[in-house]
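One structure is given below, encoded as structure tokens.
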Amino acid sequence: MAARGSRRRALRLLLMVQLLAGRWRPAGAARGARGGLPELSSAAKHEDSLFRDLFEDYEKWVRPVEHLSDKIKIKFGLAISQLVDVDEKNQLMTTNVWLKQEWIDVKLRWNPDDYGGIKIIRVPSDSLWIPDIVLFDNADGRFEGASTKTVVRYNGTVTWTQPANYKSSCTIDVTFFPFDLQNCSMKFGSWTYDGSQVDIILEDQDVDRTDFFDNGEWEIMSAMGSKGNRTDSCCWYPCITYSFVIKRLPLFYTLFLIIPCIGLSFLTVVVFYLPSNEGEKISLCTSVLVSLTVFLLVIEEIIPSSSKVIPLIGEYLVFTMIFVTLSIMVTVFAINIHHRSSSTHNAMAPWVRKIFLHKLPKLLCMRSHADRYFTQREEAEKDGGPKSRNTLEAALDCIRYITRHVVKENDVREVVEDWKFIAQVLDRMFLWTFLLVSIIGTLGLFVPVIYKWANIIVPVHIGNTIK
């Protein structure tokens, strides 16, 4: 009985040892038996330990300085990747940019030897203190850019390259549209920290355009940055202002807006080359006037509604519309002159006959009406002379009867021909007058643009090419 009892105690003891051995089996062996998951590498353990040590007691709402009076210096730079759009109507400039910021965070320093030689870590920007630098002249309410990771070095240097899409306000000067040159600015600064707490240092005066994607309508002539200060009643705030000088590429508007307008302007002159008895003269002038109105509406949709400046092309269109309106009035007057006769109007004044039948035709290189009538009459007498003499000899009594009627008909025909010739003289006179006015008006309006391009845009473009 004693032997049997000792055997039972030995079995219980062996069973207890096996149970204890199974309960205290290593966790890694248990996981390996269940799923075969590997252990963390040494580098991952070091980085995990580094993050725990750095951010265990880190407060991202507090400025990372050793003393309260210390100033954080922010190195600030700007890189532009795309000039998306320039909205002249709403006076907005849309850009895709990268904000480059660098500062020292004294709370994020470590010894690389204590963490497996780790010198750089990537930290989300919403996990540490970042400067609240925003675009002041923002137009859509989005003052900040995207939230991305920062690069933190062992000495506490934090580098943050932040992509952003901005719509900034830009005062558009459309005086020389579409040959205009605009100067748009972007002003950055801290929203809450004054200059005694955060100082902004301009890293590079030139905007980085290494990854710039060209715009089909605008070309950046220059993009420069400058540092300034804005003050209020108690404090001063440092700010960085970038000025973008952009030039419009005018080829599209030249081909589809300016050239058609100039063509319509000179088409008005052609109206006076049509015969005065053609009713299509009024129709042509009216069609030109309607076309110019359509072009004016197109320009009104593009440019801002401002009374400070009037675009050059708008002035030219208004000038041409006045030009066409006057041509319609003159054409109506010429047609009225053409259809005059002795039965509808009084006799022609002597000064009208002298000026329009003798002097003006010579000045306009036209054949004189008196010369043409004399030649036609002379030829008629030569052709019908013998027959007329034979008729007079044979029917002298009949000639006396009809002479009064023939003379009257000749007088009526001469008056009608005189008025028609005056209408031709008026058409020729207005043809040269309107052609001269059209040329002078076109040159007078577009010469300032040519002068501006020759003295401003071309030298800047040559300077950029040499660089």
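Each Cβ is built from the backbone N, Cα and C atoms, and glycine gets one as well.
What Swiss-Prot lists as signal peptide is 1-29.
Annotation comment: Swiss-Prot describes Asn155 (among others) as N-linked glycosylation site. With a 10 A radius on its CB, Asn155 (N-linked glycosylation site) counts 13 other CB atoms from all the protein chains.
Classification of Cys184 (disulfide bond) by DSSP places it within a strand. The annotation disulfide bond is assigned in Swiss-Prot to Cys170-Cys184 (among others) on the grounds of similarity to another entry.
Annotation source Swiss-Prot lists N-linked glycosylation site at Asn183 (among others), citing sequence analysis.
Marked as N-linked glycosylation site by Swiss-Prot: Asn229 (among others). Neighbour list (Asn229 (N-linked glycosylation site), Cβ cut-off 8 Å, at least 6 residues apart, same chain): Gly195, Trp236, Tyr237, Pro238, Cys239. In three-state terms derived from DSSP, Asn229 (N-linked glycosylation site) belongs to an extended strand segment.
The feature disulfide bond is assigned by Swiss-Prot to Cys234-Cys235 (among others). DSSP assigns Cys235 (disulfide bond) to coil in the three-state reduction, placing it in neither a helix nor a strand. For Cys235 (disulfide bond), the number of other Cβ atoms no farther than 10 Å from its own Cβ, over all displayed protein chains, is 12.
Here Swiss-Prot flags 338-429 as topological domain 'Cytoplasmic', drawing on sequence analysis.
According to Swiss-Prot, the feature topological domain 'Extracellular' maps to 451-467, an assignment based on sequence analysis.
In space, Cys170 is the closest of the recorded positions Asn155, Cys170, Asn183 to Cys234 (disulfide bond), judged by Cα positions. Sequence-distant contacts of Cys184 (disulfide bond), defined by Cβ-Cβ distance under 8 angstroms and a gap of at least six in the same chain, are Val86, Met93, Ser168, Cys170, Ser243, Phe244, Ile246. Mean pLDDT across the topological domain 'Cytoplasmic' (338-429) comes to 65 in this model. Note on the disulfide-bonded residues Cys170, Cys234: the fewest other CB atoms within 10 A surround the CB of Cys234.
Taking the Cβ of Asn183 (N-linked glycosylation site) as reference, residues of its chain lying under 8 Å away and at least six apart in sequence are, in sequence order, Ser243, Phe244, Val245, Ile246.
Straight-line distance linking the Cα atoms of Cys235 (disulfide bond) and Asn155 (N-linked glycosylation site), rounded to a whole number, equals 31 Å.
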